[in-house]
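Feature list (source: TrEMBL):
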TRANSMEM  6-30  transmembrane segment
TRANSMEM  42-60  transmembrane segment
TRANSMEM  66-84  transmembrane segment
TRANSMEM  91-107  transmembrane segment
């Protein structure tokens, strides 16, 4: 396939449609319907699960292998940030502490 403006625009349009459909179908289908309480409660855990799935590999692995040692600076920084965030309850402060902690641990 030759790369030209028409093909690129067609590709963008196709990707847009196939991205929009899975997001819009549940809204169209479920609008006006009341979901069961168990489903509503279960769906509250989805953001935390997605967040954990995104960050855990970066924290607990090193070059694709599980690393739970003190040499894992991401794990050490995460533990410090977790303790700070539980005490201070401030997202901004936790982020700053995390960046500073990673910077210090990388220079050591």
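Each residue, glycine too, has its Cβ placed from N, Cα and C.
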At a threshold of under 8 Å on Cβ distances, which of 6-30, 66-84, 91-107 pairs most often with the transmembrane segment (42-60)? 66-84
Cβ-based contact of the transmembrane segment (66-84) with the transmembrane segment (6-30), 3 or more pairs under 8 Å: no
